[in-house]
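Following: one structure in structure tokens, then a few remarks.
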Amino acid sequence: MDYNKQLENLALNLFKIDAVKFGEFTTKSGIKTPVYFDLRVIVSYPVVMELISHLLFELLLKTSEYDHFCGVPYTALPIATLLSVEAKKSMLMRRKEAKSYGTKKVIEGHYKLNQKCIIVEDVVTSGSSVLETVKDLRSEGLIVEEAVIILDREQGGKQNLEANNISMRSLFTMSKLIEILVKNNCITEQVGKEVETYLNNIHTPAVVPLVNRLNIPFEKRMELSTNSIAKKLFNIMATKKTNLCLSVDMTSSTKIIDLLEKVGEHICLVKTHIDIIEDFSDNFIMQLKQLATKFNFLILEDRKFADIGNTVSLQYTKGIYKISEWADCVTVHSLPGEGILKALNSCTNTGSKGVFFLAEMSSEGNLITHQYTEATVKMAAKYPDLITGFVCQKKETFNNPGLIQLTPGVQLDSSKDDFGQVYNTPEKVVLENGADVVVVGRGIVASKNPEAQAGIYKNTLWKCYMKRVSGKIE
């Protein structure tokens, strides 16, 4: 049987096992489509899987030079496994999240620096899933220049991959697959024309080229930001040469003001917990704002809003604190759903607004999962003018260079307190974990000389940042 016949046979089998569906669907990229490909079902059909891997190898890989395969999680993993066996080549496995124990790796398998790896994927629409895998492989020092695909939906994915120096080859384009199905009376010509019209009218938005936000200076990232508070904060950090945020977890307003008079020149951001202050007054807020202007820092109220939208809008604008009148930005949980962002976004009379969305926590045993973090980042993407950044612990949490990673739980020496708060060193959080703004509380507040200690933290953190953007991390 020639390869064209085998491809036609594969197309008919995919239709037969319901891997190709017609109706109205939404892709991962958020695009409405009259045809959907659910290739996850192929795991129940070993003959189909074997045919796919055989054709990928014979038609797309025989002339390539490479050391490894890596399937995009998760549908492509069994195909990559079969290809590895057929080609007698090593396979690597990319985790969607690093293990919290053992080696804590994202890429599993044995490999060496500058070895070549080919990506295996089932369906490409925008190419975003492939690029996520490429990013992790390249960060491990592997060379990734090729991707082999079962189906190209012809919606810009090939062009997006090429823009990131990835050549893509596929067994089918959507047009070719539809042509085979019409020819064999699997679908009507009318359905085929509807898909053709859809292809001619719908194009996937371009994917942002793979850039590592950690290597981009704050000045450049300011230009990429869509949130006014993020722009201000990037500018302050670059101007003052500090990425230190002071957490003033103190119950006396007088002590807070006295402390900020001493350390204001060293910080870019002050983080308050307004509801723990025992002598709160409007005069305190006035003094706080005056110091923010005098020393050029922003104010973050760490309220961690987590209620329904209407309640949060009242908590933000009303009550004795009137947070919206003085806080440049606030922290918010995604737990209640998108309504919480809609509510804050609707508070239009509060000037520039910023939200640090809480995606991860530094306390031991917290219940936030990888899926929760991922959903939080996706939710935030719908509000680019509102979101300043994320409160998180890992550099992998998000890629957008216009957003800011705010990381708490930092002291000069790593430790843990009696309540499960885990502290990491400046070097670890900035160089390894990707923090942009680093929150320090007790390390300064409890010091006998907070002014000097703040200077030490400022200089240490800034040196780590400069080392990171220079690319000279050892």
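Numbering starts at 1 and runs along the chain as displayed.
Using the three backbone atoms N, Cα and C, a Cβ is placed for every residue, glycine included.
Automatic prediction, not curation, is the source of TrEMBL annotations.
Features as listed in TrEMBL:
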- ASP302: active site, for OMPdecase activity (ACT_SITE)
- LYS304: active site, for OMPdecase activity (ACT_SITE)
- ASP307: active site, for OMPdecase activity (ACT_SITE)
- ASP249, LYS271, SER362, GLN421, GLY441, ARG442: substrate binding site (BINDING)
- 243-457: domain 'Orotidine 5'-phosphate decarboxylase' (DOMAIN)
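Ranked by Cα separation from GLY441 (substrate binding site), the active-site residues ASP302, LYS304, ASP307 are led by ASP302.
Cβ neighbours of ASP249 (substrate binding site) (same chain, under 8 Å, six or more residues apart in sequence): HIS273, ILE276, GLY441, ARG442, VAL445. A sphere of 10 angstroms centred on the C-beta of GLY441 (substrate binding site) encloses 20 other C-beta atoms. Annotation for ASP307 (active site, for OMPdecase activity): same-chain Cβ neighbours under 8 Å, separated by at least 6 residues, are GLN315, PRO336, ILE340. The most crowded of the recorded positions listed here (LYS271, LYS304, ARG442) is LYS271, judged by how many other CB atoms sit within 10 Å of its own CB. Straight-line distance linking the Cα atoms of SER362 (substrate binding site) and LYS304 (active site, for OMPdecase activity), rounded to a whole number, equals 14 Å. Within its own chain, ASP302 (active site, for OMPdecase activity) has SER247, LYS271, THR272, HIS273, VAL330, THR331 as residues 6 or more apart in sequence whose C-beta sits under 8 angstroms from its own. Classification of ASP249 (substrate binding site) by DSSP places it in coil, neither helical nor stranded.
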